[in-house]
Ligand SMILES: O=c1ccn([C@H]2C[C@H](O)[C@@H](COP(=O)(O)OP(=O)(O)OP(=O)(O)O)O2)c(=O)[nH]1
């Protein structure tokens with residue numbers, strides 16, 4: 001098994017454009033050699049009130065290569081300690097999106113949560129996208145599961 005420092009796949013290069021309000025902030029980066037997600041920091045300040053949602057500015061825009069996406073995921077520490085999460089997780093950044101990347105955050109906790117410029121608020125995971133076509137048919141092949149779902153196999 002390769003160690004995490006010898007990742008088997010070459011890195012994907014994503015072009016990034018810093019926006020004026022992103023000046024001076026670190027770009028998304030992996031915290032450890034084996035981290036799946038790049039920590040992304042806030043480019044604005046607010047106190048997120050209990051129950052409040054906000055699309056937090058990151059101060060940059062990206063151009064993802066065709067065939068890939070970037071997923072916006074919560075940080076488990078913020079979720080566990082403060083109830084702060086990403087309601088649309090995994091947020092989808094399309095390869096043709098050129099606007100500012102924003103992190104939608106919600107406060108499920110019971111106290112206001114301060115977001116300060118430079119705070120690590122979420123993580124970004126780059127992933128390949130399998131596109132699909134639908135082929136319309138009259139009948140689908142039979143399976144053991146059939147139409148059973150939503151707990152049909154028991155607890
Ligand atoms: O957490 C997110 C989710 C999305 N986006 C941006 C990038 C994405 O490419 C675009 C559209 O996202 P999505 O397809 O999820 O939004 P939609 O509600 O379907 O809107 P649209 O009609 O613009 O596609 O918004 C973000 O910056 N952060």
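Yeah, the Cβs are placed from backbone N, Cα and C, and that goes for glycine too.
Remember, it's a predicted structure, so these values are computed and weren't measured experimentally.
What TrEMBL says about this protein:
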BINDING   75, 76, 77, 88, 92, 93, 94  substrate binding site
DOMAIN    26-154  domain 'dUTPase-like'
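Positions of TrEMBL features highlighted on the structure.
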| residue | record | Cβ within 10 Å |
| --- | --- | --- |
| 75 | substrate binding site | 19 |
| 76 | substrate binding site | 10 |
| 77 | substrate binding site | 10 |
| 88 | substrate binding site | 13 |
| 92 | substrate binding site | 13 |
| 93 | substrate binding site | 21 |
| 94 | substrate binding site | 11 |
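The DSSP breakdown of the domain 'dUTPase-like' (26-154) into helical (H, G, I), extended (E, B) and coil residues amounts to 7 helix, 51 strand, 71 coil. Taking every pair among 75, 76, 77, 88, 92, 93, 94, the residues listed as contacting substrate, the largest Cα to Cα separation comes to 27 Å. Checking the binding-site residues 75, 76, 77, 92, 93, 94 against ligand 1, the ones with a C-beta less than 6 Å from an atom of that molecule are 92, 93, 94.
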